[in-house]
Amino acid sequence: MGKGGALSEGVLKKILLSYAYVAVWIFLSFSVIVYNKYILDRKLYNWPYPISLTMIHMAFCSSLAFILVNFFKIVEPVTMSKDLYLKSVVPIGALYALSLWLSNSAYIYLSVSFIQMLKALMPVAVYSIGVMFKKESFKSDTMVNMVSISFGVGIAAYGEAKFDVFGVVLQLGAVAFEATRLVLIQILLNAKGIKFNPITSLYYVAPCCLAFLSVPWFIVELPVLMETSSFHFDFFVFGTNSICAFALNLAVFLLVGKTSALTMNVAGVVKDWLLIAFSWSVIKDTVTAINLVGYGLAFLGVAYYNHAKLQDIKANEAQKKSQQADEEAGRLLEEREKEVEGGLRKNESEK
């Protein structure tokens, strides 16, 4: 086979691998959401203790991350001082604990499909909080798009057959805390040159998250669990659930590392629609036409937002390349002038 054929095979292999990474991430993300719903829902496994479930995940993930970092040396730990950890990682861990607690609690009160629709508000929350912290510049066209997303989610909520105010408040709180966490990661970590991959993120953040979750757990869930004499720890259910949660983090590492964050966003949209279809067809949750119309409007707004962000990234990269090219041309011109000047001096000395 010629060079063209070899190139075609290489490109085809990369495309197939990218699709494989996307498929694995969608499957694991889908599995974790449905599995959590199964455990927490009173009509299914009937174990409505979201803090306990989240703590099991964090304990398992932090332990496994510790082993992978310190014994198997899969990734190198990030060098940071105690002061930096307390000021940067601890606030992010606290927000992560609140986000997970509230989002898992919402599964007790809301359907899987409606939760995915409410999650469409994430770009709105991230942009709004980014503007508040001056990490995003206010643009009227972007704000109009944010209003359109909110309007779409509002229509979906209006059409929800089993609307629960407390459940909606929990999910909106989870979105707000998660959006704040994402913005603070840029301010407290990325701006200081600290970047975590999913394994090092679990290594540093999961123990902190576990510590924060233990406070409400002792107050809210431990007394109830102690009164429930019939409870026994199901190692198979909670073990496989924790493995899925950890595998999801590894899948994120592969997907973003081998493709891009934009690919993950697009895959996330596919996953949301699959979850809505699964919730309607298998779990038998009610999905109304108004639900779908509202979510469709929100989806279009989110798609436009992702497209605009991609264009901004491309424009910034083009600007950086142009600056680098100008700097390189200036450096070469300066070197050329020095060579010419040196040659003139040499000629004068020979005379």
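Just so it is clear, glycine is given a Cβ too, placed from its N, Cα and C backbone atoms.
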Subject >> The annotated transmembrane segment range in TrEMBL, which must be one of 109-126, 289-306 >> reply: 289-306
Subject >> Outside the transmembrane segment (47-72), six or more residues from its ends: residues with CB under 8 Å to it >> reply: 36, 39-41, 97, 100-101, 104-105, 107-108, 199-200, 202-203, 206-207, 209-210, 213-214, 216-217, 220-221, 224-225, 238, 241-243, 245-246, 249
Original post:
When you scan the chain for residues with a C-beta under 8 Å from the transmembrane segment (262-283), skipping those not six or more beyond its ends, what do you find?
Top reply: 18, 22, 25-26, 29-30, 33-34, 37, 111-113, 116-117, 119-120, 252, 255-256, 295, 299, 302-303, 306, 310
**OP:** Give residue numbers and ranges for long-range contacts of the transmembrane segment (16-35): same chain, 6 or more residues beyond its ends, CB-CB under 8 A.
**Re:** 112, 240-241, 244-245, 247-248, 251-252, 254-255, 258-259, 263-264, 267-268, 270-271, 274-275, 278
Original post:
For the transmembrane segment (84-102) and the transmembrane segment (165-189), does the number of C-beta pairs under 8 Å, pairs 6 or more apart in sequence, reach 3 or more?
Top reply: yes
Original post:
Considering only Cβ pairs under 8 Å, which range in 142-159, 165-189, 201-219, 231-255 makes the most contacts with the transmembrane segment (289-306)?
Top reply: 142-159
Subject >> Whole-number mean of pLDDT values that fall within the domain 'Sugar phosphate transporter' (20-306) >> reply: 90
